[in-house]
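So the structure is just underneath, and the comments pick up after that.
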Amino acid sequence: MSMLAPLRLVREPWNASEGNQSNATAGAGGAWCQGLDIPNELFLTLGLVSLVENLLVVAAILKNRNLHSPTYYFICCLAVSDMLVSVSNLAKTLFMLLMEHGVLVIRASIVRHMDNVIDMLICSSVVSSLSFLGVIAVDRYITIFYALRYHSIMTLQRAVVTMASVWLASTVSSTVLITYYRNNAILLCLIGFFLFMLVLMLVLYIHMFALACHHVRSISSQQKQPTIYRTSSLKGAVTLTILLGVFFICWGPFFFHLILIVTCPTNPFCTCFFSYFNLFLILIICNSVVDPLIYAFRSQELRRTLREVVLCSW
């Protein structure tokens with residue numbers, strides 16, 4: 001996966017010479033600095049699983065008119081973003097395998113153009129995926145705190161504008177990232193975007209969890225059943241931990257990698273961290289696999305429609 005143009009910088013900082021990197025890496029920690037050799041088959045397998053999962057989500061939402069609402073449209077867009085992550089990963093891996101085995105022989109200029117197209121798709125899907133995770137969090141927040149006004153706040157027109165804005169911004173940002181990938185300011189913007197989404201989700205989901213605990217506590221005190229409060233609080237805490245934990249675990253290492261690229265590109269310990277770049281890509285692809293389980297498959301209506309889709313009862 002090292003052909004990624006903007007992520008080529010991410011993997012091997014342009015302002016650190018190859019010699020400095022290898023020497024620093026060798027002196028920093030020995031064997032554990034050699035990185036992790038991840039087979040292409042794992043990239044292909046995870047990409048295929050994610051592609052199938054997210055295709056099913058999109059098909060189910062399109063099929064069932066009961067799911068034609070802003071909330072499910074946002075989930076559908078997240079599935080499309082994750083699907084693009086999978087497709088770009090599959091294309092990249094297959095492209096590399098065919099070239100490595102001599103099956104595909106292409107001029108270097110064409111390879112660069114194809115590489116840039118795939119890179120743009122990857123960057124756009126990463127930005128849009130992060131964006132729709134934030135949009136879904138905001139949508140859930142409005143659903144809980146402004147339930148009576150939800151349909152007047154989140155109209156179909158506003159939902160369409162939101163989705164179009166995210167896709168447009170993702171396309172523009174990916175183009176800028178591909179063009180100016182050697183500029184640290186671009187990486188800082190990407191890091192800032194991730195931190196903003198992380199803080200946004202933390203604040204919104206914790207506030208929602210606090211409100212849920214308050215409601216359950218008041219109900220249990222009226223019914224004099226503290227067990228209800230403890231059970232519901234535990235379930236809410238588990239859900240919150242899963243939501244934020246998956247987001248942080250899957251995306252955190254990659255963006256921490258970006259932070260190190262900007263702050264210490266030649267530091268021996270940083271170069272050790274850089275050697276695990278493929279692992280961070282695997283975690284991002286894993287996020288595309290897990291997203292449908294968290295945001296889509298928990299809906300009973302969507303699960304029922306998925307069964308119909310799988311059984312081809314259109």
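For all residues, glycine too, the Cβ spot is worked out from N, Cα and C.
Membrane topology per Swiss-Prot: Y146 and C189 sit on opposite sides, carrying different topological domain names. Here the transmembrane segment (36-61) has Cβ contacts under 8 Å with residues 1, 67-68, 72-73, 75-76, 79-80, 82-83, 85-87, 89-90, 93-94, 96-97, 275-276, 278-279, 281-282, 285-286, 288-289, 291-293, 296-297, 302, 305-306, 308-310 of the same chain, all six or more residues outside its ends.
Following the DSSP three-state reduction, the secondary structure of C312 (S-palmitoyl cysteine) is coil. Per-residue pLDDT, averaged across the topological domain 'Cytoplasmic' (298-314), gives 79.
Within the chain, the transmembrane segment (117-138) has long-range Cβ neighbours (under 8 A, six or more residues past its boundaries) at 4-7, 71, 74-75, 77-78, 81-82, 84-85, 87-89, 91-92, 95, 162, 166-167, 169-171, 173-175, 177-178, 193-194, 197, 200-201, 204-205, 247, 251, 284, 287-288, 291, 295. Listed as Cβ neighbours of the transmembrane segment (277-297) (distance under 8 Å, sequence separation of 6 or more from its ends, same chain) are residues 1-2, 7, 10-11, 35-36, 38, 42-43, 46-47, 49-50, 53-54, 56-57, 60, 75, 78-79, 82-83, 85-86, 89, 126, 129, 133, 136, 242-243, 246-247, 249-251, 253-254, 257, 303, 306. Its own atom aside, the Cβ of C312 (S-palmitoyl cysteine) has 6 Cβ atoms within 10 angstroms in the protein chains shown.
With helix defined as DSSP H, G or I and strand as E or B, the topological domain 'Extracellular' (182-189) counts 6 helix, 0 strand, 2 coil.
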